[in-house]
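Only one structure is covered here, and it is reproduced in the block below.
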């Protein structure tokens, strides 16, 4: 069996040793510095800078010193004593070492780390499976080479059962851990929940008691149960037992049947989801796997229009742009498509099979609920074959996702500006990779380290809208974002049921009063309490026993009518106990976009300060663009798209007419209009796609962006190519303008804006383009030339238009290099990455120059 499979018995049991090393401090005789030379650690337990060589020497000396004293003890007692001694000793010494290091200054810590780096490893870490097993002879192991791992890492069975009971009975939340995932399938830790979906309320053992408990919470059911049981007492018997027991049994039978049917439908839906077929990538090729059998560390293939079965890191796509769109309506309710980007270094591999032959690992955060943030790191230490040369320029994600120049990936961009701390972190990272089998600068090859953000992950229950993707499963089952954000399943009781329950209590009060009056007429003498109870039993029919079964049958029929209503197609009743609640709705709250409106955007206005162009005045704007580009970008006679003399004459005529109208400001207006249209054509995440008829259509996460790019195309500036590294425009006259993508900051609901840094191929100028809502853009604009913006935004809003502000900033090479260096350091941080990246971006967004204001209409529903 291949080493890729985690079930392979030949897999090295390296983490059996780590479970002991995690608690093994360095002895006082060894170097006091603790520089990280270990493999990527078991994240929460290995102290920063832990030295594997020191741990091996210290652990070896402790074992040799203790063997002589332990040889005389019985074997079982010796093993138990050894385990207790090591655990106590490890914990105490480790705490003392951490306190001592906390008192050291930064300079002393740096000096000690440098000494440790220079120290020869007289006892190198074991590299083979046999070495690991020999060094870990005393480490407690559940099953050698098994998926479940060691007791020290994942906890033994008793610990896991206790944790489950604490969560089920006391509401104690589980403690999630960060995790390390290798491309060969190994994981740290090694115990993860199953990926099977389970939405059923009951199982074979809990069905009857849970349903009966729920039913006897209603007073009338409990009342008739007491009436039926009273017939077992001869003193209270007023009729045959059957006449009281049969109605109650029938009511409970109907309720049980309905609950069983509803739960069976949930089971069928779960089974359909769990049995969905996917392909798992292995060194032997692709293998079919059901969604329920997907495990953390698997590399799975997801086709277009297929549900994402688990939270995955996006490694590779068939799209040359290295990106794909996903639909998230089942996760966050938004109908807009979201853009996701593949990890840059894995996208560059020559074939999908190289993922299994490459050496690397992925470090991701612990599971949490937030679907708008993600922090992780991907390290590729060795590719199976020389990867294609890195493109000269690439893009970052919103909060630091990689896609940078090859020298930026290696941390060498503007290296003379790197701080000593950054260089030290780089050296420690290289040492950690080297210790785990990857080649680093010591071997002449630099590992590629990429920061992972939200743009690099696909959450479970989203749908891939374009292309075929490969993803590394990082969270499964109850640890996925979708499941963690789902509310706990509860027994839903409608308001009508509560009112009926209250009415039954009122009727019981009337019944008891009547029984007491009847007893009082004969005077309260003798065994009058017995007579009182008999009268209660005789008058029990005041509370109708058939009420519950009638309500259940009525709700079931009502649910069937709802699902078969021709005016509400594809309606599914999830909870058949609550259909009457629809009639209690007094207020209906709804968002606007896509609900009250069609989510179809149409361009209406463009204001550039000196002039405004409406939808019906685009001819003049088109003439301006033609005259500008025909002068600034002459076309060779061989070009088949060369404009005719009529086109040139029309452009000159339009210029003269517009010049007279604007009183000599023609040049300024033309230049401002060209800059605004260029910003519309470049500042976006739109991808042009050719359909079967070779016609270009646009795909984007937001219909606003599609509307703006479509408007630019209609007036002559066409987007013909867009990928991760390059944007190509075709302008009037047939000339092509090419821009290299340096950095991209996608739109988010938090920032309410997006930005892009581009380099123009012809002039090599660097532009920073930004567009967003006026509320966040106005504070970032230069005061000069933006005084009119707020008033025009109000005017557009009164016309029902969505406003988007366009701005620009030109950067020098030195400014961009400084930003790229700082941003690369921020996106590589594993803690507080989001705020660090936002801080660098906001520093870049100062003193933007206003280009224009657009107005887009979202039409209302019919």
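Positions of Cβ are set from backbone N, Cα and C atoms, glycine also.
Because TrEMBL annotations are produced automatically, they should be read as predictions rather than curated entries.
Range 407-444 is the one annotated as region 'Disordered', of 369-406, 407-444, 445-482 (source: TrEMBL). Range with TrEMBL annotation transmembrane segment, chosen from 487-505, 506-524, 563-581, is 506-524. Looking at the stretches 298-326, 327-355, 530-558, the one that TrEMBL records under the feature transmembrane segment is 530-558.
Between the listed ranges 242-261, 262-281, 582-601, TrEMBL ties the annotation transmembrane segment to 242-261. In TrEMBL, the feature region 'Disordered' is placed on 635-665, out of the ranges 201-231, 604-634, 635-665, 666-696. Same-chain residues lying 6+ beyond the ends of the transmembrane segment (242-261) with a Cβ under 8 Å from its Cβ atoms: 201-202, 207-208, 211-212, 215, 221, 224-225, 227-228, 231, 545-546, 548-549, 552-553, 556, 576. In the predicted model, the domain 'P-type ATPase N-terminal' (190-244) shows an average pLDDT of 88. Residue counts for the domain 'P-type ATPase N-terminal' (190-244) by DSSP state, with H, G and I taken as helix and E and B as strand, are 25 helix, 0 strand, 30 coil.
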